[in-house]
Amino acid sequence: MFPREKTWNISFAGCGFLGVYYVGVASCLREHAPFLVANATHIYGASAGALTATALVTGVCLGEAGAKFIEVSKEARKRFLGPLHPSFNLVKIIRSFLLKVLPADSHEHASGRLGISLTRVSDGENVIISHFNSKDELIQANVCSGFIPVYCGLIPPSLQGVRYVDGGISDNLPLYELKNTITVSPFSGESDICPQDSSTNIHELRVTNTSIQFNLRNLYRLSKALFPPEPLVLREMCKQGYRDGLRFLQRNGLLNRPNPLLALPPARPHGPEDKDQAVESAQAEDYSQLPGEDHILEHLPARLNEALLEACVEPTDLLTTLSNMLPVRLATAMMVPYTLPLESALSFTIRLLEWLPDVPEDIRWMKEQTGSICQYLVMRAKRKLGRHLPSRLPEQVELRRVQSLPSVPLSCAAYREALPGWMRNNLSLGDALAKWEECQRQLLLGLFCTNVAFPPEALRMRAPADPAPAPADPASPQHQLAGPAPLLSTPAPEARPVIGALGL
């Protein structure tokens, strides 16, 4: 419901090729409620909505704008891949059209009143640009607001040294939350001016502040936002926008009134019955002023009406007739694998030549972005490693301290020092080296240990055999004092293995 306040805003949602719907809405507002556009404090827009808002603020002919919408959609449909064909340059088409139709002082009319929704590439935040220093800045703001990544190109355009992309990514319907903002959208939902689909589904999807009801018609509209429909469908969308604009004006009592604040009668106390009768009479009066369905095209601008009628007429020249024949169409389809690379190469060459003036700035930006991405990846990897290594390293050190064997002269320190640093710091490799060191010790001990065991008889010590002494005289006094001589024998020591380890 439109609030009866002193100030109000108008906001147009982004919708791609469905922007022809806004041409019908804007034509209705200019014709039946010009004060609503002239006295609006701000007019906002995103993507295709920004083009419509710019046209309303600067006074561009809506008929020419609608004709351009249909012309661009027809050019896109001529190609095999539609708007994705390399020869179709949407950014170039928008810039050339705005250069042609915008007046030289358009930035003066737009500054402070026009708001264009943009998405900043560096942080993804939404930015609303409302001050423009020149006509070129106004055109560049519209180009940035309609630049869809990958769909329109890979390198985003810049405005005042900052890179921006489509404003619908971050905020597709600026200032929708304010009560004094008239929201316009080609998708049925909760916007003030939008199609009224007869659907029983109460569920809705809110995409970047845009209310979209779940139904088949909205799904069809979403599919045609980036891939334009047929001219007949565009004509019906323009008529639908005109009808929805009339419905909004009638519902809020703004139809054919110079100013809603001046046209309202003075307030006076009255009962509930009088209030109901007044509302019914106002509705009946407004409904009587609505044009019929068959005469809607008569109320559109003459240039737009002519463009819509021409779009529905099939050309009858000889070349078009031949190209529409089935054999010619089959031959054209079969030649696509051969003609498409040639067309792509030609289009790439033309775009490269047009890109040459901006090459230094774009290369510098790509270098900065590549460095930022690499730095982010390195910092993220460091955080992950720092989170896992401190928890595992103390346990690993403690296990090595407990399970280590006595050091030997032949250790693995030399081998570890010979390895790269990243291999020495790897825990799994350290475990493998420790196990290899243990196996090496066992092999060395088994190789150089010798069990030298001698029989006990070999270690028994015996006295050397002396020559037999001369028989002594038993009668001598020495023989009588000495007595019998005992046997000389030494007990054999226990046999012990002699361990000899070379170098151990």
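Note: Cβ is positioned from N, Cα and C throughout, glycine not excepted.
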Discussion item. If I look at Swiss-Prot, which residue among S145, S347, S428 would I find recorded as phosphoserine?
Written reply: S428
Worksheet item: Which residue among K92, K224 does Swiss-Prot mark as ubiquitin cross-link?
Response: K92
Worksheet, complete the sentence: Out of S158, S211, S404, Swiss-Prot gives the annotation phosphoserine to S404
Worksheet item: Swiss-Prot tags one of N39, N426 as N-linked glycosylation site; which one?
Response: N39
Worksheet, complete the sentence: N39 (N-linked glycosylation site) has its Cβ surrounded, within 10 angstroms, by a count of other Cβ atoms equal to 14
Worksheet item: Which bits of the chain, at least 6 residues beyond where the motif 'GXGXXG' (14-19) starts or stops, bring a Cβ under 8 A of a Cβ in it?
Response: 45-52, 69, 72-73, 76, 117, 145-146, 166-168, 172, 185-187, 210, 221, 224-229, 234, 237
Worksheet, complete the sentence: Students should find that the Cα atoms of N39 (N-linked glycosylation site) and S47 (active site, nucleophile) sit apart, in Å rounded to an integer, by 23
Response to the item:
Cβ atoms other than its own within 10 Å of the Cβ of S47 (active site, nucleophile), all chains, total 26
Worksheet entry | Model confidence over the motif 'GXSXG' (45-49), averaged pLDDT | 91
Worksheet item: According to DSSP, which of helix, strand or coil covers N39 (N-linked glycosylation site)?
Response: coil
